[in-house]
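Asker: According to TrEMBL, the protein carries these features:
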DOMAIN    A:7-273  domain 'Thiolase N-terminal'
ACT_SITE  A:Cys90  active site, acyl-thioester intermediate
DOMAIN    A:285-413  domain 'Thiolase C-terminal'
ACT_SITE  A:His370  active site, proton acceptor
ACT_SITE  A:Cys401  active site, proton acceptor
Amino acid sequence: MVLRNAVVVGGNRTPFTKAGGRFAAASAQDLLTSALDGLVARFGLAGQQMGQVTAGAVLKHTRDFNLTREAVLGSALSPHTPATDVAMACGTGMEAIATIANKIRLGQIDNGIAGGADSASDAPIVVSEALRRAMLTASRAKSVLDRVKAFASLVPADLIPVPPTVNEARTGLSMGESQAITTRKWGITREAQDEMALASHRNLAKAWDAGFFDDLVTGYLGVTRDTVLRADTTADKLAALKPVFGRGDDATMTAGNSTALSDGAALVLMAEEEWAKEHGWPTLARIVDTQLGAADYVTGAEDLLLAPTRAIPVLLERNGLTLDDFDFLEIHEAFASTALATIKALEQGGVGVVDPSKLNVNGSSLAAGHPFAATGARIVASLAKMLAAKGPGSRGLVSICTAGGQGVTAILEGI
Amino acid sequence: MTGTSFLETLYNTRPGRAVARRAGLADPPKLRRGRTEPTGHTALATLPGGGVGAETLSLLGIAPSTALVDVPEHRTKDERGRDVPPAYSTRPGALVVDATGVREIGQLELLRQVLRPAMRGLERSGRIIILATDASAVDGLEAKAVAQGIDGINRTIGKELRGGSTSNLLFLTEGATAGDLSSSVSFLLEGRSAFVDGQAWRIAPRKDGDEGTTGADRGAPFAGRIVVVTGAARGIGAAIARTFARDGATVVAVDVPAAGENLSAVANELGGSALQLDITADDAGARIARHVASIHGGDTKIWAIVHNAGITRDKMLANLDEKLWGSVLEVNLAAEIRIDAVLLDRDLPGGLADCARIVGIASTSGVAGNKGQTNYAASKAGVMGLVWAMAEELADRPITANAVAPGFIETDMTAAIPFVSREIFRRTNSLQQGGQPVDVAETIVHLCDPASGGVNGQVIRVCGQNLVGA
């Protein structure tokens, strides 16, 4: 069977905002619909039937069981466009892209849209476990008295809504606390983390000023630029921040070198290469290959957020490439120390050395923000544009860590 | 948008309106708009030497009635014994006066004769359309003076007509035929020209290679054609985009990246595409072409580009610095020249088609000047100069370049003018009201019509015959 090529045609995202900010009243579905409508407008797709739209969100309400389909129905696309949801924590967007790319390569569809949305502002708030059980018992009760009895055991604290957490189910540690262990274990310094954060802000600000995002972002609710971005931040300002994760004097992770909880949505338009050319669509970059990895973090043997270091060697070997063969390296900055530990682990594991001049050259999550499921499409759309500008044969590597000790990686090639 | 003042709130109440009416501020006539023909018949007066008028109406499928002529023997007496001109038994919707053969001062009396019965005889939103031969196409001092004299008649009856009726004049240059004229006559007859009043423009023979025909699909003349509209996210630009889409065009809606949210809504509503672009960027023209070729197909060319994007940075010249000065000229004029220069490259994929239309937006501020707007007036008068020069420069290519000059149009921008000034601006024209964005749009769409190849190098004011700069 001859595989076809899946290419990135373009992308669109909302600006990313800090949770509780200008998108506070928007749901993940609102954000996804907005990103979709912007993409539809950019490529003149109103009323058209696409092969498939696949996206997802990490923070999902029960009403979001059909998130992507609902976004399609709320968009200007033809209602005959099928849609599916995927879920892989922060890897959701990238895994959605892999799904669509694979279907295109297999010939099941000629084009598709993939990405994700998240609203940390609109995270689901649930009732306590005790209240939930009482409500279930009450619903089964046959008499009023039994119904009242069902609630008798509750104490006032059980009535308080439970806000969402991003704690790992198996370790009970928050993402930040888990990463603090990794940071210490790999000896990532405060200075290195702040330096990476500063570069992220400077690179992203420069890209915005140069108009790089003119055809990658569409404003939403009056917001026209990423609001996490601090174009005027300095090394001194970052150095003055107090650590928020880790304990003791050697705690190094601050709000400045960790990603902010954020709201936003991002999507990528993809098509089969020949089909795209026949239809006169831009062909920016091929999705060459993708690879997942998973780490044994529960036992403490491995790190929660370094699973990409298991995926990357597999991906490189399968494609006969080394890190030196890439023009751009996009390593998601969940925390500055995650990206730095990933680079260190790749080096120590003999996979290769990351050239800092190729790393996140137009900024990454520290400056842009990280609406979990939106990050994959943000990275892939930007990278594809960079590769197209770099020229045919240029290569980019994507690495995204996720909750649950997993990672998703991909190779893109400029056309 | 500014808040509504107390005075404005009061003015818009029922008692407030009653007082205003007593004070002479009558409710303005409601104008007939859109692709609607007059309800009543179209009367035709063919003066000696004419004929192109009858031919034009025939092309448009209109069977005219004969215009009444006010000569003494046709007059009747009223109950008080006074002479009254002959009256139409049913109100005509329009009167077309074919004065293309009029050369002598004495013949102007013939215009008076056919116009008089129509002045109070037309239905509401009626039309007077005068056809005359351009001074450049007649010989002799008297004939040339007479041509201009006819415009004096046109401009005056525009002011005297009531009930939303308008008068306009089309000057035919050497060799112009009914086929060159029909698109403009159709525009003037229909509701599309609602806010165009007291204007005169020239009709020339369509150039060799102009693909437009008089029989263009009047429902969707732009079907399969790409039209680029800058500043399309809102206001007049969005109205232009919508009007083109109504008539079948595939619209490429362009606006600054910061306006992307509205822009994509407009593009999706119209089934077009959105291009987020700062038109002052050096590569703006190239990016427009690249967008057209990559989104709408590699062989696709632009049928029309409408340079609607514009800004104001108003200040009295005494307070005007180089920054406010420069930005207005850059956006309103310089960007347009640069973009056209790129798109006119015949070999550019996604550039202007061999036969194409270019429209700029001038302004009554450019025609007449406006206090606090030296920069804006410079840019808008510049647009007029630009389309005149382009029409000459493109003489051997079937591409037309024209401009519209809007007067007071009801937009967010004019809504920000303080109430009393706004009410004065809006009423100081022959139609006693502000125009709607769609009125500007209709005129632009008309200029871009495949059948409008005979209109070239013209500036058409959409101002209800504003007193300013008339």
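Placed from the backbone N, Cα and C atoms, the Cβ positions cover glycine too.
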Asker: What Cα-Cα separation, expressed in whole Å, is found between A:Cys90 (active site, acyl-thioester intermediate) and A:His370 (active site, proton acceptor)?
Answerer: 9
Asker: Give me the mean pLDDT over the domain 'Thiolase C-terminal' (A:285-413), rounded to a whole number.
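Answerer: Mean pLDDT, the domain 'Thiolase C-terminal' (A:285-413): 96.
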Asker: For the domain 'Thiolase C-terminal' (A:285-413), what does DSSP give as the number of helix, strand and coil residues?
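Answerer: Going through the domain 'Thiolase C-terminal' (A:285-413) residue by residue, I get 53 helix, 32 strand, 44 coil.
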Asker: Would you count the other CB atoms within 10 A of the CB of A:His370 (active site, proton acceptor), including those on all shown protein chains?
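Answerer: Taking every protein chain into account, the count is 26.
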Asker: Which whole-number value in Å describes the distance between the Cα atoms of A:His370 (active site, proton acceptor) and A:Cys401 (active site, proton acceptor)?
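Answerer: So the alpha carbons of A:His370 (active site, proton acceptor) and A:Cys401 (active site, proton acceptor) sit roughly 12 Å from each other.
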Asker: Please identify which of A:Cys90, A:Cys401 has the densest Cβ environment, defined as other Cβ atoms within 10 Å, among these active-site residues.
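Answerer: Of A:Cys90, A:Cys401, the one with the most crowded Cβ is A:Cys401.
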Asker: According to DSSP, does A:Cys90 (active site, acyl-thioester intermediate) fall in a helix, a strand, or coil?
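Answerer: Reduced to three states, the DSSP call for A:Cys90 (active site, acyl-thioester intermediate) is strand.
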